[in-house]
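Single-structure report; data block below.
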Amino acid sequence: MTTFDEILEEAGKFGPYQRRIFVMLCLSSIPFAGVYVGIVFQGFTPDHWCRDSAVVERRQACSWSLADSRRLTVPVVNVSGGLQQSSCEQYDVDWNTTTLGCDSQELDLSITPTTACKDGWEYDYKGRQSFVTEFDLVCSDAWLVDMYQATLNVGYLVGSIAIGYLADRFGRKMSFLMSNVMNGIAGILVAVAPNYVSLLVFRTLYGFGVKGGWMSGYVLITEIVGVEYRRTVGVIYQMFFSIGILILPLLAYFITDWRWLQVVITVPYILFLSYYWFIPESPRWLLSQKKKSRAVEITEAMAKENKMTLSKNIETLRDDNAESCTASFMDLIRTPKMRKHTFILSYNWFTSAVVYQGLIMRLGILGGNVYVDFLVSGLVEFPAALLILVTIERFGRRIPFASANIVAGAACFITAFIPDSMFWFKTAVACIGRLGITMAFEMVVFVNTELYPTFVRNLGVSVCSTLCDVGGIIAPFLLYRLAVIWLELPLIIFGFLAFVAGGLVLLLPETKGVPLPDTIDDIEFPETVKEKAALRSQQLADLLPSNSISTNKEPAAV
């Protein structure tokens, strides 16, 4: 009997066939970035103050500056030890009874009573529009902005479980395509939402499909390449998310309306439906579902495009999974090592989401140029990908994974106590934190796939990543509400979470060079996996002619 890993030796581990599919699926990571952190621009809260219709009329009649009318509308208040004009209160003045002319300096309102804003708000946003300015989500309604990101993660939470289950039951390709159907429909509905309640409903539906489809694509590409290429394709697949991070501020700068920005982010998902004709189903999944003929057909097409020749071993291709092919949540927690993996990976998904989203959303409340700050912080993610590729080759998965979390935690703690006067030093340390958590976030994905057997792999990744979604629900409230108390307080929380995550990672087994597990026994008794892999390699070497072995050598990992 021959396993799929053995057939890949003949068909090509990362030939033109796999590279073509890999590039296509990588493109799906780019719009995911816009969905995941688009709130920084779509929900940007600019400088704002109470609108007084009477003062606005006088400003127009008397050609007052915006500063003059603002001085006559809102009081100066003490905020965090400093004086600044209020955003949520206005002078309680009946301008119809005043005799003030066009000289705005005549009136002293310093002892005038104040009241909450009556006629809405004015925004210093230079012709731009976010959903915050459109729906007036400021002051007492500011917490509703948090709901925009929270509802997305609620959709992620439900969708990743549902689509993960469907991917294990009906295939990676089908779940990827159905997700994109939902993404296209829900994304356009978000763009045309008539009010904020409907916007949150559509945003939840949007999240339902986006993450599950992305994870299905990730699992599909890692299942059709050789073991030595898994980490490379996994890291590069996520690196395209970082490319999306760089593209997003450029789009947001030139697209001034949040609704049109939403449309641009959604259009790629509609285009991805064309992948129906270009990507295959996972042969590993087909074998786990006892669909050998279809798996053989795809493997033969793979070998043909890779210009490789298959031996008669293809006739004995089988799935090495002796257990039931129906995935169940209980499979993730029934046995001791599977239970430990599920707990530790779930916590790391949670921490990665809270810290990563928190650090990005924090850029929107620091008061600098949000487009430049976002672009610079996005550039930090590329060294993260390179560091992963270098360190996991030399040190394996566990040490770099744990170190990334610990570095992120230390950077968060240090940044919180660096004074604002040391701006560049504080920025540099914060970027190190962003680098560390980016590495941790990218590593948890492919480590997760390597620690579960084939028949439950997609469900395992989806269930663990639900804690990522819980973290995403919490992150906006944690950041925005605690920052009101002290701007740096969220960083203290982020640092603690990351330190704990790094310690737990050290309890996981090393997976460098280990074939993907096929059964739960491969997880519980990992020594048998190496023995079986060595035996299969020897059997394959005995069966193949010497010239066939020499012509089937693979290029070095990219």
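Backbone N, Cα and C atoms are what each Cβ position is placed from, and that goes for glycine too.
Heads up, TrEMBL stuff is auto-annotated, nobody curated it.
Copied over from TrEMBL:
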DOMAIN    94-513  domain 'Major facilitator superfamily (MFS) profile'
TRANSMEM  21-44  transmembrane segment
TRANSMEM  147-167  transmembrane segment
TRANSMEM  174-194  transmembrane segment
TRANSMEM  200-221  transmembrane segment
TRANSMEM  233-254  transmembrane segment
TRANSMEM  260-279  transmembrane segment
TRANSMEM  344-365  transmembrane segment
TRANSMEM  371-392  transmembrane segment
TRANSMEM  399-418  transmembrane segment
TRANSMEM  424-447  transmembrane segment
TRANSMEM  459-479  transmembrane segment
TRANSMEM  485-508  transmembrane segment
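Counting C-beta pairs under 8 angstroms (sequence separation of 6 or more), the transmembrane segment (424-447) fails to reach the transmembrane segment (174-194), with fewer than 3 such pairs. Within its own chain, the transmembrane segment (459-479) has Cβ neighbours under 8 Å at 39, 143, 145-146, 148-150, 152-154, 156-157, 160-161, 163-165, 167-168, 211-212, 215, 218-219, 327-329, 331-332, 342, 345-347, 349-354, 357-358, 361-362, 365, 445, 448-449, 451-452, 490, 493, counting only residues six or more beyond its boundaries. Counting C-beta pairs under 8 angstroms (sequence separation of 6 or more), the transmembrane segment (260-279) reaches the transmembrane segment (174-194) with 3 or more such pairs. Residues of the same chain lying 6 or more positions beyond the ends of the transmembrane segment (21-44) and with a Cβ under 8 Å from any Cβ of it are 125, 128, 130-132, 137, 145, 148-149, 152, 176, 180, 187, 206-207, 210-211, 213-214, 217-218, 220-221, 224-225, 233, 236-245, 247-249, 251-252, 258, 261-262, 264-266, 268-269, 272, 275, 278-280, 357, 360-361, 363-364, 370, 374, 476. Confidence in the domain 'Major facilitator superfamily (MFS) profile' (94-513), given as mean pLDDT, stands at 86.
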